[in-house]
């Protein structure tokens, strides 16, 4: 299920467009996640009181968390599936401390693809979208596998 060199080139090519503005991309991803899947917001004590879109948009903590999420994902993507060193601590914290279900990873990965498509329509064609979806599926599967190693069925 690995990606070809061409697919990785598509993934990293679009990621190079995302990286200069991780905070805006990340903020949009987190806000959309909370809008579409309100149960995910309940996992974050610091975001529970942000009950409106305006409150989410004006929250520096939401922007900061979105940046953190996309920064970590970018480091993993750049490893081109040789991401054990980056993935293991992320999986451990999400499995043992935060208890984030794999389903939530699926939600956020779908939203990441949608946000990139909206922000970069001319650079994120069908081949790039397919490659990114495949890379994110690989990420999710590897996270799920690590979760099991840490005793979390998520």
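Yeah, the Cβs are placed from backbone N, Cα and C, and that goes for glycine too.
Listed in Swiss-Prot:
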type    : residues : note
DOMAIN  : 2-148    : domain 'Globin'
BINDING : 65       : O2 binding site
BINDING : 65       : nitrite binding site
BINDING : 94       : heme b binding site
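Each residue contributes its Cα atom, and for residue 94 (heme b binding site) and residue 65 (O2 binding site) these two points are 14 Å apart. Residue counts for the domain 'Globin' (2-148) under DSSP, split into helix (H, G, I), strand (E, B) and coil, are 119 helix, 0 strand, 28 coil.
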